[in-house]
């Protein structure tokens, strides 16, 4: 009898707690999670889904893959009443744009506010998983697309070797051992040993397909599954993430946001500035998008700045040294308008990049590169802080945007307009008049992005960081 009374009291206080949490002062509790809201979640059997991406993928792509897997985890927990599924966060090791190639093994909390993630889905850092189970998983899976017979409705289960063997660095290393197979994990962080391996071939590798595969696998007595090459999973629609409360759970940690906000407050001293991501090193070789010469890009940024009555241009770039040389040589009289973030605190290059992203995120207008994931992540964040209007997020435009035979790139934009602002042109006249007619037309061409690719709601998690924006 006492046990029943205690149980009833437990439920009573749980209900009271959830009612209190819907007050406006605690908006964060309005997130209707699918595991903390279950009173018996602590009694469920713990299952783990590990994943990684192609070796050497960039930071922003790896960040994006998290959304794909988080939706899988969300749906698994929503359906299952017996098990609770944890997403194992792979450590950050080898990342393409980092100078330090190996030996990082950084936790996600080094960059992100993981407490926010935990409010919606169960997560665990790989370091914690390894303490529990070592570098072992029960089964690893991969996927490949059926390209020759798209109408095929069923999927195929193939030997693991028939998936991308070069990406997986897979080998069978001990036929008589319980964990027979071995594969590289999360760049060059470590290797994972597994008992079984399978390759699934299908014409639509969506998060629903992967969820279904995992549901079937966990019917057996297993604890963990490793998903290799999870970049194969299709990008979810924005509304799928929104309906699952997942679209805004990847927020940078307080330390990095503070660095960015302090720079805006103490150095820029205004929120009315424009920002731009100028990417050059590897984008010089993208035939579909011709990046403009640095001096052309800088004059276009000045033009946009004067049109919008701003006085500051913040630039994030992989060619910062070269850009500053051009400014000193050709734009000396406009030098006071250009700002760059300097790594005075000797931060990790991943941290430095995040701070640049946040400064760009909070700007009045952002000018990016439509093919860059760095740009895409800034635009995503901007839409979450009510800076998603079409005139606030502009693309620099391909240098050949005005060529008649470049219709393909034109179709990548929501709209393209030619703006001739006499007042703004007068302020750059001494340089503008020396450019060719082709370059003048490019400077006057403004490209606008599609808004449907991004969320359209204001994030409650970001509210405290943008009070003055």
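Just so you know, glycine gets a Cβ as well, placed from its N, Cα and C.
According to Swiss-Prot, the active site, proton acceptor annotation covers 57, on the basis of similarity to another entry. Under 8 Å, Cβ to Cβ, and six or more positions away along its own chain, residue 57 (active site, proton acceptor) finds 95, 96, 231.
Listed in sequence order, 373, 374, 376, 377 are the same-chain residues at least 6 apart in sequence whose CB falls under 8 Å from the CB of residue 60 (GDP-beta-L-fucose binding site). Residues or ranges marked as GDP-beta-L-fucose binding site in Swiss-Prot: 56, 57, 58, 59, 60, 277, 278, 279, 373, 374.
Annotated signal peptide per Swiss-Prot: 1-18, in sequence order.
Marked as site 'Essential for catalytic activity' by Swiss-Prot on the basis of similarity to another entry: 381. In this view, residue 381 (site 'Essential for catalytic activity') is surrounded by 25 other Cβ atoms within 10 Å of its Cβ, with every protein chain counted.
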- Message: At 10 angstroms around each C-beta, which of the binding-site residues 56, 58 has the fewest other C-beta atoms nearby?
- Response: 56
- Task: Looking only at C-alpha atoms, tell me how far residue 58 (GDP-beta-L-fucose binding site) is from residue 381 (site 'Essential for catalytic activity'), rounded to the nearest Å.
- Result: 18
- Enumerate same-chain residues with a sequence separation of six or more from residue 278 (GDP-beta-L-fucose binding site) and a Cβ-Cβ distance below 8 A; give 'none' if the list is empty. 294, 297, 315, 316, 317, 319, 323, 369, 396
- Take the Cβ of residue 373 (GDP-beta-L-fucose binding site) and count every other Cβ within 10 Å, whichever protein chain it belongs to. 17
- Message: In whole Å, how far does the CA atom of residue 56 (GDP-beta-L-fucose binding site) lie from that of residue 381 (site 'Essential for catalytic activity')?
- Response: 24
